[in-house]
Amino acid sequence: MGVSAKEYVEKVIEKVKAKNPGEKEFVQAVEEVLTSLTPFIAENPQYIQQNILERIVEPERQIIFRVPWEDDNGNIQVNRGFRVEFNGVIGPYKGGLRFHPSVALDSMKFLAFEQTFKNSLTGLPIGGGKGGSDFNSTDKSDREIKRFCESFMTELYRHIGPDKDVPAGDIGVSGREIGYLFGHYRRIKGAYENGVLTGKNQNYGGSKIRPEATGYGVTYFIQEMLKDMGESIEGKTVAISGYGNVAWGAAKKMAELGAKVVTISGSKGYVYDPDGIKGKKVDYMLEVRGNKDVSLKDFAEKFNLEYFEGKKPWERKVDIVVPCAIQNEILLEDAQKIVKNGVKIVCEGANMPCSAEAIELFEKHGIGFGAAKAANAGGVAVSALEMSQNSLRYQWSEEEVDSKLHDIMKDIYKKSKEMSVQYNVSLAKGANIAGFKKVADTMLMQGNY
Ligand code: GLU
């Protein structure tokens, strides 16, 4: 008792560092969220009395498992599988599966922690989780991917279920992988529980607009930010990174609204298109993503565009920057370039693409900053709508889903903004407070949870 909010937050951060040695990304995410909660905690001593922070930073459950599979040459390969069930207080654990060489317990924990507050912000009944494997799907054959997915599900199936834990896609996991995972789950369970996974094909319960949802949602969120600045998205130039699902959805919606997306990128370089990526070019992004023999360089050649090897798109002078690739892709030196280029808005499409130093610099220079857990919540929001449709055994039209998504994004912006005004903090911190409040209050309601 008698400890101040600041002291309490610092004490919990120190404990997290001591208890999770070497988990840099998890500590980065925890530090960012907890620090931003200080003014809110100061007004609400019940969170200190009930030690909510120390409870909320500890995952409810962490599952780590072996994934052996046979490659096309008959060799047995072994990967590591994860599912972190972080917080299930407002609904079944919900969050994607990531197949990428960088996957380790650290990244799974940071993603599941962030997901908890993101899912809370959607206003829908979903808890937070994340999973995946250090499996690199980009150089594997279709048969290898299928065998890997089957082996992965052979262990995962016992931990998930429509009322328990509902995975979806993320980096390296899209409709194809979800199909193989669901097919195997169905065979093991001997029942048709299609609410166990989201991001499914529409033939077996997938929602319309789900593939587009994250990118559309980011765009709707940017529109709200612009409205507050008295501006519109039409005619704005945009630098996007990545070429996957989020980048694709954002490029598609932005082109439709009259913005000009001048870059997309991969880990080895970026493409610059002064005319703006639209129409056939947006469609061809799916080819780069889904076909291991087509690269971003091929994209540039096909459309006669310049490709900048070894460079990031942040050197371009644009109005809006939307990082849609991976965590920590905008570090301090990138942020300095962005500031110098007179960018108005940086909005996160990927999860935690900006480092803490980068965000601080944007805020110092008055650049509008949209944080991932608010801005990219559209994907998981439509996943939750997919769960609703599966429960109803029904499918909503494209217009219905898109208008629900639009409303959800406006609501997330409104909640974040209100908290930022009330506590005199940035929009990103306002989002943390709004996301945290619902989870923390529900934990209190449910007792010694
Ligand atoms: N992987 C996405 C995210 O980071 C979507 C998760 C989901 O649909 O469950 O939010």
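If you go along the chain as it appears here, the first residue is 1 and each next one adds 1.
Just so it is clear, glycine is given a Cβ too, placed from its N, Cα and C backbone atoms.
Curation plays no part in TrEMBL annotations; they are all automatic predictions.
Within 10 Å of the C-beta of Lys130 (active site, proton donor) we count 30 further C-beta atoms, all protein chains included. Taken from TrEMBL, the feature active site, proton donor applies to Lys130.
Neighbour count (other Cβ atoms within 10 Å of the Cβ, all protein chains): 28 for Lys118 (substrate binding site). Positions annotated as substrate binding site by TrEMBL: Lys94, Gln115, Lys118, Gly169, Ser383.
According to TrEMBL, the NAD(+) binding site annotation covers Thr214, Asn245. Residues within less than 8 Å, Cβ to Cβ, of Thr214 (NAD(+) binding site) and separated from it by at least 6 positions along the same chain comprise Asn245, Val246, Gly249, Ala250, Gly349, Asn376, Gly378, Gly379. DSSP gives Thr214 (NAD(+) binding site) a helix state.
According to TrEMBL, the site 'Important for catalysis' annotation covers Asp170. Secondary structure at Asp170 (site 'Important for catalysis'), taken from DSSP and collapsed to helix, strand or coil, is strand. Asp170 (site 'Important for catalysis') counts 27 other C-beta atoms within 10 Å of its own C-beta, drawing on all protein chains shown.
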Through the lens of DSSP with three states only, how would you label Gln115 (substrate binding site)? helix
Using a 10 Å radius around its CB, how many other CB atoms surround Asn245 (NAD(+) binding site)? 27
Contacting recorded positions, sequence order - Lys94, Lys130, Ser383 vs ligand 1, Cβ under 6 Å: Lys94, Ser383
Rounding to the nearest whole angstrom, report the longest C-alpha distance spanning Lys94, Gln115, Lys118, Gly169, Ser383, listed for substrate. 16
